[in-house]
């Protein structure tokens, strides 16, 4: 029955929502309203409305190609295509419904008409072992980076290559590095099993120090070439590059500390994503520039305290 | 020698594990059996300090047992996504000088350069087992290690435990199926409702089945009689 899939999504959403604190709920609503407002403003004129429709179709295509429950849905649900269509339509509603209140109201119907054929895409991509060399060039204990690089390799390579190639353009390489580091923040969203945690450090302070130093070295290794080249072309912006590096280090340190302050073995820390997004935004927003430093100090104590539960003194 | 005295663990005020006095001889393989919910995993979790005991002491060779002394294979094995088997193993220290990865890879038929998410349940279990075997620890705790293993790996695991015993390690192993424990253990300890009620020496192993299922048989008979 088509509504079953929607009900599953509703239950999943409700469960996630309950795990969020008041602040996260507020931030989520804010982000949600902002995105709705952006889509409303884009629907007001052409060709922006078509870009938005195209973007939503692309998102649906990617979801359809990579969704892990496709075989299950097609095998066990009655009218599976209707079920998937309804699911995509309902999820897109907040971003497509504003079209009705614009001169380009017909975009809604065109979007829905184009959405239905997407549900018939049956191709699936098998998980393949790519970039085995990553395990050889990165230290084994930086498993977050190995796994994260493997997942995002093409995107990271493109962004980094652009940053290097466009180092003569004023500030753009730093913006691309900022994007690159934003992707790296996502590496710290999964809690490792207890066995791994205990292998990486025998007490909270040692573990955090090791993780922070390791991340610092890798970040330096990645960012320095771009910052150096940018400084060669724009010597008067050399200091800006160094300040960027410092702030980015603080944000990544915050990501590590946030992960360990909310650490529970084998858990995905989805609720940290919003705070991480805000921390990363603070690097480019002048009035928030001290936020990453403040966050690092605040989170270090919390992380140490939480880790004591899992790394009792020997 | 592993000596456990006056150990108590409670969840929400309910005592789930009470061990008054249990001595496990060193250099032996000890089976821990009990019906579902008897407290086997809690017992292992307390020993490895995943769960804190309210009171009691666990002494190993005269010193309090700490988690770095233990190699623990958990019932459910979780792995970090997007890593290959080899990358996962590389994270753990290789402190066991006799451990030869290429030999184990052949014995257990593990595709180490594939992503762990492509592994079957049994393969994941074998990978987790390799991660603890490459570490030199005095105590090895294997919580249901036979789950999901194929016949060859089952036999290999029995022989690995025998090898650990010969190297003087203390091995604690639990299983949902009695059979493999009868082949590998020196002693089997019966856990019922959070208490160790009896220890069986090898000669008394044939009696375990009767003791373990005595109450359950009666209950099942009554319930099945109503069901059909």
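Numbering starts at 1 and runs along the chain as it is shown here.
For all residues, glycine too, the Cβ spot is worked out from N, Cα and C.
Keep in mind the model is a prediction, meaning the values are calculated, not measured.
These come from TrEMBL:
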{"type": "TRANSMEM", "residues": "A:21-43", "note": "transmembrane segment"}
{"type": "TRANSMEM", "residues": "A:49-66", "note": "transmembrane segment"}
{"type": "TRANSMEM", "residues": "A:78-97", "note": "transmembrane segment"}
{"type": "TRANSMEM", "residues": "A:103-121", "note": "transmembrane segment"}
{"type": "TRANSMEM", "residues": "A:153-169", "note": "transmembrane segment"}
{"type": "TRANSMEM", "residues": "A:175-197", "note": "transmembrane segment"}
{"type": "TRANSMEM", "residues": "A:218-236", "note": "transmembrane segment"}
{"type": "TRANSMEM", "residues": "A:242-261", "note": "transmembrane segment"}
{"type": "TRANSMEM", "residues": "A:273-297", "note": "transmembrane segment"}
By a Cβ-Cβ criterion of under 8 Å, what residues six or more beyond either terminus of the transmembrane segment (A:21-43) are in contact with it?
-> 49, 51-52, 94-96, 98-99, 101-102, 104, 107, 271, 274-275, 278
Of the stretches A:49-66, A:153-169, A:242-261, which racks up the most C-beta pairs under 8 Å with the transmembrane segment (A:103-121)?
-> A:49-66
Distal contacts, the transmembrane segment (A:49-66) - CB-CB under 8 A, six or more residues away = 39, 42-43, 84, 88, 92, 95-96, 99, 102, 104, 107, 110-111, 114-115, 118-119, 121, 123-125
What else in the chain is close to the transmembrane segment (A:175-197), if you only count residues 6 or more beyond its ends and a Cβ gap under 8 Å?
-> 143-145, 147-148, 152, 155-156, 159-160, 162-163, 166, 207, 219, 222-223, 226-227, 244, 248, 251-252, 255-256, 258-259, 263-270, 272-273, 276, 279-280, 283-284, 307, 310-311
